[in-house]
């Protein structure tokens, strides 16, 4: 009504209008470019952000505008949770849990290896460059910042339908290494990591296990609570708006509680998404199912575009570049060194850990082939908004962007993010098609084409049961069935299914315990 | 991931977690209280907010916590738009446009009458009380603040299904008087209203007409643009997430653009909602229809609860009360005087304007009876979050809460808001049932019971056509049909229908031009 009266808020009205306008433009352009093999929505958002940054710079005569500066809080509190939650919600649980040990190996041990290589490498190589003073903590932070795979980028280039194994490995790694990053950052602030003793190493491992366990339990707990509440309270008389609101609020609650307790919010909200899709989603009305499914997907979609737009605009904020431009050679050198370290750091853990992982697998089908290893290495190279946010957090904390060392670290991070996002985004799809042509021609691409226009009454593609169900009613899903027949059923999975059917589902609902009849009248029969 | 590292944001994590937790609690409690005739979700949210405020106060030993202080920006930028948009989106257009002239009369002339009575009354009566210095502008602002009907409160107590005429009149008045308030506030800041000349009065009328016209045109324009884009671009190949995202973004865009151009955002987003439900909504896939309908309703629902929770918590922020507590008698006196002025101010325009409105109506059925007039008077008495936000804006602008006059104005506003919301919320439903028992027993309550559980495939209750459609397939809707037969079709409406069918629908879609078949396959045929 009367925002016009108030002074300081006027600026944010400007900024919000601009962002909403750009987001709409990105969606429309993304739609028009859908047929293009190269340009994805994320890259076009990045480019639109860059263009918009140029326009703002020109219109403000080269001065930086606050619109451009990356806001960590906005990113971590509002944009990231819906993306990770939706990934958990729409995750094919079978692939994720089959490769759980490998994912943990990548996310925990792999991130550590990468961290040490980047930290030690930069410590050695930066000595020769004149980049001003950096503390040992800065190098350690740099290692932590650049060793984390960006889950948001992964979602952009890997398709769950086309390459389910790759997707679950690389995306799962991105989720798990968030916990590693939290532990690393805490460790950097608490311990003197330049003298690593066995006690500190053990403490570190203990911290990781504690954090991983508590974050997971919190996510699962909130998810189960939502399932229980909706199952018990809405018994017989459903109210769509309340159900949808409660699901959204409780999903967000899990993330915020994790942040409040200094846990890994990403891990928590991811597991909350998995639990909600397995139990809660089956307890709500048909309307609520369609609504939540598409609302979560839409929120995630808009947040992703927003992030890339934001990273693109932020890249042109001038303050940091003016400091750096005094020594362009050093800046380019630092960026190249860091890029090389990222490449080497990732290679140094993907190939050895894949080898170890393959040793534990009996069936040839379960092993990760060399071409797949290369794709995993490549697809996880992208660094994104998480790196930018962390770089700002570390190097711009007390307004120290004016110092050469800090400014170079931020600009180099942004350079790496832009470079890996654009190159990775442009080439990954083609690389996947080139290296793994077999999977492309199997039934799954057909499947994804079908599922993109799937009917209202089709259940979500979640978990093994749903897949089998869809296979039965629609197209026989050849590769999935073949894998099911050739690989021996995992014992853990077998006992889990028994436990799920005997204890969990009767208490928390889920498929089979809330009768689901497509096209049924609005009054669904609840057991 | 790493919010724990950063200092200032920690507090907001606390606050967000608390609010999300309370919102979930309100939804669950609201559900449990659904059968209660007295307690509505809004009152329980208000009470929970008050209780929570007490707990926070006790735990911080009486110091105020920033969590409690009302944030205008949050309210006007994020909470209000979804509520008003959804009201427009789900509005029964027939009732709204049939009573359009009466609504404008109430919203524009009525608000002015109420404004003058409250301003002049307080100017006269406050002289006898010792309330510190207040400028003439403060009295004018007080009039503007307390003469505005709160649309959010109206939504809480009036049911569109049960009392469509009352709902459209009182809610429509609330939307239109937003434009009046913007004009009033601008006028207060620009002109010297203590010497009203005919020029200023003419300027005022001109401003109102300009603002009303531009705000409406902007809303309709953005709505039509969204319909056109979705119709043209998504031709034949639908993508649910993009459609939903675009609809949400463009709805929000209309509000933000109105704020940017100093127009009435509420009026704009309301008309945008009406246009989107009439055209855009029919151009999207079936999934998108279900999703947008429930997403808008859920967003609005959560925002409403949030607002009442917030008002309840804010009421216990201590700073203003400690200043006021030094002169409790004056404070109570001011509150009582203002409450009386609000009652008189509203009576002073409802009854005369209803009389004028009745003169223009030929049919006895169209006239507003005395009992209905009383209900309209009562239902619009509630003052809500808009008043609180405006009171803060006027009286706490430069940290002047310490001054007695300002503190009393804020606490009196809060007192009136709490009193009218609780009393209005508790009694309005019963009053409506007592004064207008006929409408209660007609088919419409049945209808609303049915529609609360309505099936996925049922179209929205929008506009005359949809209603007829529902009447045909479900229950014959007696009162609506009877009214249609007894009242002569409005000429304006007749020509509008012709224009709509010949020009608008072919260009922007809408029912009949995007073939709608319930339960049809996902590939909808688009003309």
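The backbone N, Cα and C atoms fix where each Cβ goes, glycine too.
Just so you know, TrEMBL annotations are computer predictions that nobody has curated.
For the transmembrane segment (B:15-33), the list of distant contacts is 39-41, 44-45, 48-49, 52, 66-67, 302, 305-306, 309: same-chain residues at least six beyond its ends, Cβ to Cβ under 8 Å. Residues or ranges marked as transmembrane segment by TrEMBL: B:15-33 (among others).
Taken from TrEMBL, the feature domain 'Cation/H+ exchanger transmembrane' applies to B:24-432.
Among residues of the same chain six or more beyond the transmembrane segment (B:45-62), those with a C-beta under 8 A of the stretch's C-beta atoms are 18, 22, 25-26, 29-30, 68, 305, 308-318, 418, 421-422. Here TrEMBL flags B:45-62 (among others) as transmembrane segment.
Positions annotated as transmembrane segment by TrEMBL: B:74-91 (among others).
Taken from TrEMBL, the feature transmembrane segment covers B:103-126 (among others). Packing against the transmembrane segment (B:103-126) from elsewhere in the chain are residues 96, 134, 136, 139-140, 142-144, 146-149, 168-169, 172-177, 179-181, 184, 208, 212, 334, 337-338, 341-342, 344-346, 348-350, 353, 356-357: each is 6 or more residues past its ends and has a CB under 8 Å from a CB in it.
Sequence-distant contacts of the transmembrane segment (B:165-188), counting only residues of its own chain at least 6 positions beyond either end whose CB sits under 8 Å from a CB of the stretch, comprise 84, 87-88, 91-92, 95-96, 98-100, 102-104, 106-108, 110-112, 115, 137, 140-141, 143-144, 147-151, 154-155, 158-159, 200, 204, 207-208, 211-212, 215, 262-267, 270, 368, 372, 375-376, 379-380, 390, 432, 436. The transmembrane segment annotation in TrEMBL covers B:165-188 (among others).
If you look up TrEMBL, you'll see B:208-230 (among others) marked as transmembrane segment.
Annotated transmembrane segment per TrEMBL: B:250-275 (among others), in sequence order.
What TrEMBL lists as transmembrane segment is B:296-313 (among others).
Look at TrEMBL and you will find B:333-355 (among others) tagged as transmembrane segment.
What TrEMBL records for B:376-395 (among others) is transmembrane segment. Within the same chain, residues 70, 72, 75-76, 79-80, 138, 141-142, 144-146, 148-154, 157-158, 166, 169-170, 173-174, 181, 307-308, 310-311, 314, 342-343, 346-347, 350-351, 354, 368, 401, 406-407, 409-410, 413-414, 416-417, 420-421, 424-425, 427-428, 431-432 sit at least 6 positions outside the transmembrane segment (B:376-395) and bring their C-beta atoms closer than 8 Å to a C-beta of that stretch.
Taken from TrEMBL, the feature transmembrane segment applies to B:407-427 (among others).
The highest tally of CB pairs under 8 A with the transmembrane segment (B:296-313), across B:74-91, B:250-275, B:333-355, is held by B:74-91. With a cut-off of 8 Å between Cβ atoms, the residues of this chain six or more beyond the transmembrane segment (B:407-427) that come close are 38-40, 42-43, 46, 131-132, 134, 138, 142, 145-146, 153, 156-157, 308, 311-312, 314-315, 320-321, 323-324, 327, 330-331, 334-335, 338-339, 342, 378-379, 381-385, 387-388, 391-392, 394-396, 401. Taking Cβ pairs closer than 8 Å, the transmembrane segment (B:250-275) reaches residues 76-77, 80-81, 84-89, 91, 93, 96, 151, 175-176, 178-179, 182, 186, 211-212, 214-216, 218-220, 222-227 in its own chain, all 6 or more past its ends.
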